[in-house]
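The structure under discussion appears below in the form of C-alpha coordinates.
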Amino acid sequence: MKKIYLYGNWKMNMLPEEGEAFCRSLADRITGSLYGSDLVDICLFPPFLTVPSVLKALPGSPVSAGAQDGYFEDRGAYTGAVSMDMVRSAGCTHVLAGHSERRHIFGETDEIVAKKLRKALDVGLKAVLCFGETLEERESGKTIQVVQNQLLSAFQSVPGEHAQDLILAYEPVWAIGTGKNASPDDAQEVCAFAAKLASGTFGGQSRIPVLYGGSVKDSNAGELLSRPDIHGALVGGASLKVDSFLAIYENYRKLSAG
Ligand code: 13P
(Lines of atoms letter the chains of each structure in order from A and count residues from 1; the text may use other names and numbers.)
(Lines give C-alpha, C1' and ligand atoms only; values in the text may rest on other atoms or scores of the structure.)
Protein backbone atom coordinates (compact mmCIF):
# COMPACT_ATOMS: atom_id res chain seq x y z
CA MET A 1 0.00 0.00 0.00
CA LYS A 2 1.23 3.50 -0.77
CA LYS A 3 1.77 6.14 1.89
CA ILE A 4 -1.30 8.36 2.33
CA TYR A 5 -1.32 11.99 3.44
CA LEU A 6 -4.43 12.69 5.50
CA TYR A 7 -4.54 16.45 6.06
CA GLY A 8 -7.39 18.26 7.81
CA ASN A 9 -8.04 21.95 7.19
CA TRP A 10 -10.32 23.18 9.94
CA LYS A 11 -10.73 26.62 8.33
CA MET A 12 -12.43 29.08 10.77
CA ASN A 13 -13.80 26.31 13.01
CA MET A 14 -12.81 24.86 16.39
CA LEU A 15 -12.32 26.93 19.53
CA PRO A 16 -9.14 26.05 21.45
CA GLU A 17 -11.05 23.76 23.84
CA GLU A 18 -12.81 22.02 20.94
CA GLY A 19 -9.50 21.48 19.15
CA GLU A 20 -7.96 20.02 22.28
CA ALA A 21 -10.88 17.61 22.81
CA PHE A 22 -10.69 16.54 19.15
CA CYS A 23 -6.96 15.81 19.45
CA ARG A 24 -7.30 13.86 22.69
CA SER A 25 -9.92 11.68 21.07
CA LEU A 26 -7.86 11.35 17.87
CA ALA A 27 -4.73 10.40 19.85
CA ASP A 28 -6.72 7.69 21.71
CA ARG A 29 -8.09 6.29 18.47
CA ILE A 30 -4.76 5.98 16.71
CA THR A 31 -2.47 4.59 19.39
CA GLY A 32 -1.16 1.13 18.70
CA SER A 33 -2.52 1.17 15.15
CA LEU A 34 -0.85 1.64 11.82
CA TYR A 35 -1.36 5.38 12.07
CA GLY A 36 2.03 5.63 13.73
CA SER A 37 3.63 3.87 10.78
CA ASP A 38 5.19 5.30 7.66
CA LEU A 39 1.98 4.50 5.79
CA VAL A 40 -0.04 7.48 7.02
CA ASP A 41 1.00 11.08 7.52
CA ILE A 42 -1.64 13.05 9.44
CA CYS A 43 -1.52 16.81 9.79
CA LEU A 44 -4.18 19.17 11.18
CA PHE A 45 -4.47 22.83 10.23
CA PRO A 46 -6.34 24.63 13.04
CA PRO A 47 -6.98 28.38 13.21
CA PHE A 48 -3.92 30.18 14.69
CA LEU A 49 -5.35 30.57 18.20
CA THR A 50 -6.25 26.89 18.40
CA VAL A 51 -2.73 25.70 17.49
CA PRO A 52 -1.34 25.71 21.08
CA SER A 53 -4.15 23.57 22.48
CA VAL A 54 -3.86 21.14 19.58
CA LEU A 55 -0.13 20.78 20.19
CA LYS A 56 -0.74 20.35 23.92
CA ALA A 57 -3.01 17.36 23.21
CA LEU A 58 -0.72 15.72 20.67
CA PRO A 59 2.67 14.98 22.24
CA GLY A 60 3.88 11.48 21.49
CA SER A 61 1.32 11.03 18.73
CA PRO A 62 2.33 10.85 15.07
CA VAL A 63 0.04 13.75 14.18
CA SER A 64 1.54 17.11 13.26
CA ALA A 65 0.09 20.59 13.14
CA GLY A 66 0.21 23.31 10.54
CA ALA A 67 -1.07 26.84 10.04
CA GLN A 68 -3.64 27.80 7.43
CA ASP A 69 -1.68 30.89 6.40
CA GLY A 70 1.42 32.93 7.14
CA TYR A 71 2.71 36.26 5.84
CA PHE A 72 5.84 36.73 3.75
CA GLU A 73 7.37 39.60 5.74
CA ASP A 74 9.37 38.79 8.87
CA ARG A 75 7.98 41.47 11.18
CA GLY A 76 6.68 45.01 11.22
CA ALA A 77 3.54 47.05 10.76
CA TYR A 78 1.25 44.41 9.20
CA THR A 79 -1.81 44.48 11.46
CA GLY A 80 -3.51 41.11 11.68
CA ALA A 81 -0.69 39.20 10.02
CA VAL A 82 1.33 36.30 11.45
CA SER A 83 4.82 35.67 10.12
CA MET A 84 6.10 32.29 8.96
CA ASP A 85 8.67 32.44 11.73
CA MET A 86 5.87 32.84 14.28
CA VAL A 87 4.10 29.86 12.74
CA ARG A 88 7.26 27.77 13.06
CA SER A 89 8.10 28.95 16.56
CA ALA A 90 4.54 28.14 17.74
CA GLY A 91 5.36 24.50 16.93
CA CYS A 92 3.80 24.11 13.50
CA THR A 93 5.72 22.05 10.97
CA HIS A 94 3.47 22.80 7.98
CA VAL A 95 1.63 25.73 6.43
CA LEU A 96 -0.94 26.05 3.64
CA ALA A 97 -0.27 28.48 0.80
CA GLY A 98 -2.64 29.61 -1.93
CA HIS A 99 -5.82 28.03 -0.58
CA SER A 100 -8.70 29.04 -2.84
CA GLU A 101 -10.45 30.80 0.05
CA ARG A 102 -7.35 32.97 0.51
CA ARG A 103 -7.22 33.61 -3.24
CA HIS A 104 -10.93 34.30 -3.75
CA ILE A 105 -12.14 35.81 -0.45
CA PHE A 106 -8.95 37.62 0.58
CA GLY A 107 -7.73 38.50 -2.91
CA GLU A 108 -4.37 36.74 -2.83
CA THR A 109 -2.67 36.81 -6.21
CA ASP A 110 -0.24 34.27 -7.65
CA GLU A 111 2.51 36.75 -6.77
CA ILE A 112 1.53 36.88 -3.09
CA VAL A 113 1.19 33.10 -2.97
CA ALA A 114 4.68 32.71 -4.45
CA LYS A 115 6.18 35.06 -1.84
CA LYS A 116 4.46 33.25 1.03
CA LEU A 117 5.60 29.91 -0.31
CA ARG A 118 9.20 31.09 -0.54
CA LYS A 119 9.16 32.46 3.01
CA ALA A 120 7.57 29.31 4.42
CA LEU A 121 10.27 27.14 2.86
CA ASP A 122 13.04 29.54 3.91
CA VAL A 123 12.09 29.27 7.59
CA GLY A 124 12.00 25.47 7.39
CA LEU A 125 8.28 24.76 7.15
CA LYS A 126 6.75 22.18 4.86
CA ALA A 127 4.46 24.09 2.51
CA VAL A 128 1.23 22.77 1.06
CA LEU A 129 0.63 24.69 -2.17
CA CYS A 130 -3.05 24.65 -3.11
CA PHE A 131 -4.19 25.19 -6.68
CA GLY A 132 -7.30 24.60 -8.78
CA GLU A 133 -9.70 25.97 -11.32
CA THR A 134 -13.12 27.61 -10.99
CA LEU A 135 -16.24 26.03 -12.49
CA GLU A 136 -16.24 28.54 -15.32
CA GLU A 137 -12.63 27.70 -16.14
CA ARG A 138 -13.38 23.97 -16.12
CA GLU A 139 -16.46 24.35 -18.28
CA SER A 140 -14.55 26.38 -20.84
CA GLY A 141 -11.83 23.72 -21.08
CA LYS A 142 -9.15 25.82 -19.38
CA THR A 143 -8.39 23.60 -16.37
CA ILE A 144 -4.91 22.48 -17.37
CA GLN A 145 -3.90 25.96 -18.52
CA VAL A 146 -5.06 27.57 -15.27
CA VAL A 147 -3.41 24.93 -13.11
CA GLN A 148 -0.19 25.19 -15.08
CA ASN A 149 -0.09 28.97 -14.66
CA GLN A 150 -0.71 28.75 -10.90
CA LEU A 151 1.91 26.07 -10.42
CA LEU A 152 4.64 27.58 -12.59
CA SER A 153 4.21 30.96 -10.95
CA ALA A 154 4.65 29.37 -7.51
CA PHE A 155 7.47 26.99 -8.56
CA GLN A 156 9.60 29.95 -9.65
CA SER A 157 9.94 30.94 -6.02
CA VAL A 158 11.04 27.49 -4.81
CA PRO A 159 14.80 26.94 -4.68
CA GLY A 160 15.65 23.40 -5.81
CA GLU A 161 17.03 22.44 -2.41
CA HIS A 162 13.64 23.16 -0.82
CA ALA A 163 11.61 21.07 -3.26
CA GLN A 164 11.52 18.16 -0.82
CA ASP A 165 9.50 20.34 1.58
CA LEU A 166 6.82 21.07 -0.99
CA ILE A 167 3.46 19.30 -1.08
CA LEU A 168 0.83 20.07 -3.71
CA ALA A 169 -2.93 20.03 -3.18
CA TYR A 170 -5.31 20.10 -6.14
CA GLU A 171 -8.50 21.72 -4.92
CA PRO A 172 -10.96 22.59 -7.69
CA VAL A 173 -12.80 25.67 -6.43
CA TRP A 174 -16.20 24.29 -7.44
CA ALA A 175 -15.68 21.17 -5.33
CA ILE A 176 -14.81 22.92 -2.07
CA GLY A 177 -17.58 22.78 0.50
CA THR A 178 -20.18 21.97 -2.14
CA GLY A 179 -20.59 18.23 -1.61
CA LYS A 180 -19.62 17.82 -5.29
CA ASN A 181 -16.21 16.15 -5.55
CA ALA A 182 -14.17 15.89 -8.74
CA SER A 183 -14.54 12.46 -10.29
CA PRO A 184 -11.59 10.17 -9.54
CA ASP A 185 -10.64 10.27 -13.24
CA ASP A 186 -10.68 14.07 -13.43
CA ALA A 187 -8.77 14.42 -10.15
CA GLN A 188 -6.22 11.83 -11.29
CA GLU A 189 -5.71 13.66 -14.58
CA VAL A 190 -4.93 16.99 -12.90
CA CYS A 191 -2.83 15.45 -10.12
CA ALA A 192 -0.78 13.50 -12.69
CA PHE A 193 -0.27 16.71 -14.65
CA ALA A 194 0.89 18.53 -11.49
CA ALA A 195 3.26 15.71 -10.53
CA LYS A 196 4.78 15.75 -14.02
CA LEU A 197 5.18 19.51 -14.00
CA ALA A 198 6.87 19.31 -10.59
CA SER A 199 9.28 16.59 -11.65
CA GLY A 200 10.03 18.51 -14.87
CA THR A 201 10.82 21.59 -12.79
CA PHE A 202 12.65 20.07 -9.84
CA GLY A 203 14.03 16.86 -11.35
CA GLY A 204 12.64 13.36 -11.59
CA GLN A 205 13.86 12.45 -8.11
CA SER A 206 11.83 15.16 -6.40
CA ARG A 207 8.72 12.97 -5.83
CA ILE A 208 6.53 15.80 -4.64
CA PRO A 209 3.26 14.42 -3.25
CA VAL A 210 -0.01 15.64 -4.75
CA LEU A 211 -3.15 15.64 -2.59
CA TYR A 212 -6.74 16.07 -3.71
CA GLY A 213 -9.18 18.30 -1.80
CA GLY A 214 -12.82 19.19 -2.36
CA SER A 215 -15.74 17.44 -0.65
CA VAL A 216 -13.65 14.41 0.34
CA LYS A 217 -15.57 12.06 2.63
CA ASP A 218 -15.52 8.37 3.51
CA SER A 219 -17.83 7.40 0.63
CA ASN A 220 -15.61 8.87 -2.11
CA ALA A 221 -12.17 8.63 -0.49
CA GLY A 222 -11.42 5.02 -1.37
CA GLU A 223 -11.72 5.56 -5.12
CA LEU A 224 -9.94 8.91 -5.12
CA LEU A 225 -7.01 7.76 -3.01
CA SER A 226 -6.59 4.58 -5.06
CA ARG A 227 -5.63 6.57 -8.15
CA PRO A 228 -1.89 6.38 -8.81
CA ASP A 229 -1.10 10.10 -8.74
CA ILE A 230 -3.32 11.05 -5.79
CA HIS A 231 -1.20 10.67 -2.67
CA GLY A 232 -3.61 11.93 -0.08
CA ALA A 233 -6.52 14.16 0.81
CA LEU A 234 -6.82 17.73 2.09
CA VAL A 235 -10.11 17.54 3.93
CA GLY A 236 -12.32 20.41 5.09
CA GLY A 237 -15.77 19.61 6.48
CA ALA A 238 -15.14 15.92 7.12
CA SER A 239 -12.02 16.71 9.19
CA LEU A 240 -14.11 18.36 11.93
CA LYS A 241 -15.17 15.06 13.50
CA VAL A 242 -12.69 12.33 14.43
CA ASP A 243 -14.94 9.58 13.05
CA SER A 244 -15.48 11.11 9.64
CA PHE A 245 -11.82 12.13 9.38
CA LEU A 246 -10.43 8.67 10.11
CA ALA A 247 -13.13 6.97 8.02
CA ILE A 248 -11.50 8.56 4.97
CA TYR A 249 -8.32 6.59 5.47
CA GLU A 250 -10.12 3.47 6.63
CA ASN A 251 -12.22 3.32 3.47
CA TYR A 252 -9.15 3.63 1.30
CA ARG A 253 -7.47 0.84 3.27
CA LYS A 254 -10.49 -1.45 2.89
CA LEU A 255 -10.65 -0.82 -0.83
CA SER A 256 -6.95 -1.39 -1.40
CA ALA A 257 -6.96 -4.55 0.75
CA GLY A 258 -9.62 -5.81 -1.69
P1 13P B 1 -14.27 20.52 1.95
O2 13P B 1 -13.70 19.16 2.24
O3 13P B 1 -15.16 21.02 3.05
O4 13P B 1 -14.89 20.57 0.59
O5 13P B 1 -13.04 21.56 1.92
C6 13P B 1 -11.91 21.25 1.15
C7 13P B 1 -10.84 22.22 1.45
O8 13P B 1 -10.94 23.38 1.10
C9 13P B 1 -9.68 21.75 2.20
O10 13P B 1 -8.66 22.69 2.21
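Heads up, the Cβ atoms here are built off N, Cα and C, so glycines get one too.
According to TrEMBL, the feature active site, electrophile maps to HIS99. Feature annotation from TrEMBL assigns active site, proton acceptor to GLU171. Among the features that TrEMBL reports, substrate binding site is placed at ASN9, TRP10, LYS11, GLY177, SER215, GLY236, GLY237.
Taking the features listed in TrEMBL, we show where each one sits on the structure.
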{"residue": "ASN9", "record": "substrate binding site", "CB count, 10 Å": "26"}
{"residue": "TRP10", "record": "substrate binding site", "CB count, 10 Å": "21"}
{"residue": "LYS11", "record": "substrate binding site", "CB count, 10 Å": "18"}
{"residue": "HIS99", "record": "active site, electrophile", "CB count, 10 Å": "28"}
{"residue": "GLU171", "record": "active site, proton acceptor", "CB count, 10 Å": "27"}
{"residue": "GLY177", "record": "substrate binding site", "CB count, 10 Å": "14"}
{"residue": "SER215", "record": "substrate binding site", "CB count, 10 Å": "20"}
{"residue": "GLY236", "record": "substrate binding site", "CB count, 10 Å": "22"}
{"residue": "GLY237", "record": "substrate binding site", "CB count, 10 Å": "18"}
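Nearest to GLU171 (active site, proton acceptor) in space, judged by Cα atoms and limited to the recorded positions LYS11, HIS99, GLY237, is HIS99. Largest CA to CA distance in the substrate binding set (ASN9, TRP10, LYS11, GLY177, SER215, GLY236, GLY237): 14 Å, whole number.
Between GLY236 (substrate binding site) and the residue listed as 'active site, electrophile', the C-alpha separation comes to 12 Å. DSSP classifies ASN9 (substrate binding site) as strand under the three-state reduction. Same-chain residues that are not part of ASN9, TRP10, LYS11, GLY177, SER215, GLY236, GLY237 yet have a Cβ within 8 Å of the Cβ center of the substrate site turn out to be ILE176, VAL235, ALA238, SER239, LEU240. In this structure, the CA atom of TRP10 (substrate binding site) is 12 Å away from the CA atom of the residue listed as 'active site, electrophile'. Ligand 1 lies under 6 Å from the Cβ of ASN9, out of the binding-site residues ASN9, TRP10, LYS11. Closest to the residue listed as 'active site, electrophile' in space, going by CA atoms and restricting to the binding-site residues LYS11, GLY177, GLY237, is LYS11.
In the three-state DSSP scheme, HIS99 (active site, electrophile) is classed as coil.
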